[in-house]
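What follows is one structure encoded as structure tokens, with my remarks underneath.
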Amino acid sequence: MAIYIIIFLLLAVFCVLDLVEVDEHHKKLLFSCIIILLIIVGGIRWDTGPDWNSYYTFYDNITHFVYGSEVNLFEPGFTYINLFMSRLDWSYTVVLFFWAVVTIGLKGLVFSRHTPILFILLFLYYCYYLADILSVRQFTAVSICLCGLKYIETKRFWAFAILIVLASLIHVSSILFLIAYWLYHFKWSDLWRYILLIAGFLIGLVGISGWAIELVVRLVGVEASMAEKLLQYGDEGLETSHTNPYLSYALGILKRAFILPLLIYGKKYVSKRIRFRYEGFLNLLIFGNMIYFIFILSVPVVTRLALPFLYLEIFLLAYLLTSLNDFKLKAFFLFLLTIFGAFRLYLFMSPYMDLYVPFHTVFDEFYDPLRY
């Protein structure tokens with residue numbers, strides 16, 4: 001547990017650098033060092049994380065999944081990259097380093113374009129998603145999607161579309177992020193933002209999304225194993241949760257009931273220089289939360305489609321905090337954000353705490369090189 005706490009405290013302290021005047025070059029240099037540190041932590045882990053067994057087994061038996069009778073539900077891009085690394089006879093630790101470099105490194109490049117909020121962004125990235133040190137393929141796909149934000153801003157559709165296609169080859173859920181190209185530039189009033197959120201909440205509460213998905217599966221047709229898995233999620237709903245499902249749902253709604261109005265209202269405090277970007281990110285976040293509201297009760301797995309959109313929340317919180325004029329007020333809200341971050345990190349880890357703690361590495365005594 002100590003490693004998680006140390007990283008949390010380290011990143012929380014560095015957030016202060018976003019509140020004071022610091023040489024931009026030195027700031028980015030320190031940021032790069034922390035990104036490298038996170039990559040190393042992600043690369044040396046062993047037998048840690050809720051998805052460890054499935055990913056390790058997949059890599060260890062990759063030829064059976066590609067050429068044998070094993071059912072392969074992993075996307076082709078992810079599959080053949082792993083097959084290529086297996087053909088090179090890379091150890092699984094080298095594979096973990098590769099995915100850590102891609103996943104964390106690409107997000108680091110995206111974050112580096114937002115110098116005024118660099119360390120607050122990094123801190124929230126850790127609190128919300130554990131900074132991808134226990135990365136899975138969807139987080140890699142999200143990194144590629146976020147790289148496309150600059151092409152949305154500059155209206156370079158084909159460059160953006162190519163990135164989304166590449167991301168969908170790693171995790172198919174990324175394909176929905178293509179709609180971000182138009183949502184980003186759409187002009188919504190705050191009233192319409194609230195209407196859309198409330199409508200999504202009510203649709204999810206009524207529960208029509210579950211049978212709607214079943215209808216689509218039956219009418220359109222989906223590959224058999226995928227359809228069975230999807231419908232199983234629909235039948236079980238929140239009961240698939242590892243902890244108390246309805247408590248998790250209530251906490252999710254409560255957080256959004258506070259955060260989303262704050263971000264919508266806080267738009268007027270953001271400087272005009274970044275307001276266009278802020279509103280674009282807000283549009284994407286609203287859409288992601290609509291997906292969350294509509295499907296979280298009936299078909300939780302579908303909410304994975306929302307992940308690239310939900311990532312924009314950490315950008316918006318960071319921009320809103322740094323937009324405050326009074327330093328003491330900034331410091332106070334940074335303190336509150338740190339408390340919120342600790343709570344958010346706990347909620348992220350608590351469903352599978354026994355799989356996160358202790359944090360095993362390849363250097364631990366239990367590591368058997370003959371086995372791995």
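We count from 1, first residue shown onward.
Every residue, even glycine, has its Cβ placed from backbone N, Cα and C.
Copied over from TrEMBL, here are the features:
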type     : residues : note
TRANSMEM : 6-22     : transmembrane segment
TRANSMEM : 29-46    : transmembrane segment
TRANSMEM : 90-110   : transmembrane segment
TRANSMEM : 117-137  : transmembrane segment
TRANSMEM : 157-184  : transmembrane segment
TRANSMEM : 191-213  : transmembrane segment
TRANSMEM : 278-299  : transmembrane segment
TRANSMEM : 305-324  : transmembrane segment
TRANSMEM : 331-349  : transmembrane segment
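It is 117-137 that, among the stretches 117-137, 157-184, 278-299, 305-324, 331-349, forms the most Cβ pairs under 8 Å with the transmembrane segment (90-110). Across the candidate stretches 6-22, 117-137, 331-349, the maximum count of CB pairs under 8 A to the transmembrane segment (305-324) is reached by 117-137. Taking every listed stretch (29-46, 157-184, 278-299, 331-349) in turn, the largest tally of C-beta pairs under 8 A with the transmembrane segment (6-22) is reached by 331-349.
Note: the stretches the transmembrane segment (278-299) and the transmembrane segment (331-349) are not in contact (fewer than 3 CB pairs below 8 A, sequence gap of 6 or more).
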